[in-house]
Amino acid sequence: MMRKINEIFYSLQGEGYHTGTPAVFIRFSGCNLKCSFCDTQHEAGTLMTDDEIIAEVSKYPAVTVILTGGEPSLWIDDALIDRLHEAGKYVCIETNGTRPLPESIDWVTCSPKQGVKLGITRMDEVKVVYEGQDISIYELLPAEHFFLQPCSCNNTALTVDCVMRHPKWRLSLQTHKLIDIR
C-alpha cells in the first residue's frame, strides 16, 4: 500500500504526556476535518511504501514513533503498525478520533473536536485545543490523562484558569515552539 506522507522528521515531542521524549514523527497528508486553528499543510506529500517509511524511520535513534497529520487514520493499517513494531518501535498516534484505528497502536492521543462524533473507544490521553469551550463533555471520555492546550498565546491565561478550576486536566504547551525546534 502506498501512503501519502507530508514529512518524516526527528525531534522531541512537544505536547501532552510524552513531552520531551525523542521521537520520529511521521506526518501524514490529508484530513477529514477543517479546523480553523490547524497549522499543518495537509495536502502536500509524497507517496511512500512501507519499506521506504521504515528505512526513513530507521535513520534515527528514537524508539518512539509518532503518527500525526493531517489525520493519520486515513492512511494507516495493521500492516504498517506491525512493520514499525518489528523495527522495535513504540507507536503513538495523534488523531481526531473520528475513524477506527488498528488495535496494536501502543499509545492513542485523541484530540476530539466539539460536535464531531468519535469513531474510537480506546484512548490513553485526551488533548483539547482550548478556545474557551465547555470541557465537561470531554471528561466522560475513557482516557487516563487529560490535557488542555491553548489555541494561541492570546488565550494561555484562559487555559491556565480552566485547568486550575478543573484539576482532572493538565496544561500542555507546545514546548517545541517555545524552545524553537521542530
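Using N, Cα and C of the backbone, Cβ positions are placed for all residues, glycine too.
It should be emphasised that the depicted structure is a prediction, and the values quoted were computed from it without experimental measurement.
Under the heading substrate binding site, Swiss-Prot lists Leu12, Gln13, Gly14, Arg27, Thr68, citing sequence analysis as support.
Annotation comment: Swiss-Prot describes 18-182 as domain 'Radical SAM core', evidence class sequence analysis.
Under the heading [4Fe-4S] cluster binding site, Swiss-Prot lists Cys31, Cys35, Cys38. For the recorded site, Cys31 ([4Fe-4S] cluster binding site), the DSSP three-state label reads coil. Every protein chain considered, the tally of other Cβ atoms within 10 Å of the Cβ of Cys31 ([4Fe-4S] cluster binding site) stands at 19.
Under the heading Mg(2+) binding site, Swiss-Prot lists Thr40.
Residue density at Pro112 (S-adenosyl-L-methionine binding site): 21 other Cβ atoms are found within 10 A of its Cβ, drawing on all protein chains shown. According to Swiss-Prot, the S-adenosyl-L-methionine binding site annotation covers Gly70, Ser111, Pro112, Lys113.
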Among Gly14, Gly70 [binding-site residues], residue with fewest other Cβ within 10 Å: Gly14
Field: Gly70, Ser111, Pro112, Lys113 screened against Arg27 (substrate binding site), Cα within 10 Å - retained binding-site residues
entry: Gly70
Message: Need one number for the substrate-binding residues Leu12, Gln13, Gly14, Arg27, Thr68: the maximum pairwise CA distance in Å, whole number please.
response: 15
Message: Considering each pair of residues in Gly70, Ser111, Pro112, Lys113, all listed as binding S-adenosyl-L-methionine, report the largest CA to CA distance in Å, no decimals.
response: 14
- prompt: How big is the gap, in Å, between the Cα of Pro112 (S-adenosyl-L-methionine binding site) and that of Gly14 (substrate binding site), rounded to a whole number?
  reply: 19
Query: If you count the other Cβ atoms within 10 Å of each Cβ, which of the binding-site residues Arg27, Lys113 comes out on top?
result: Arg27
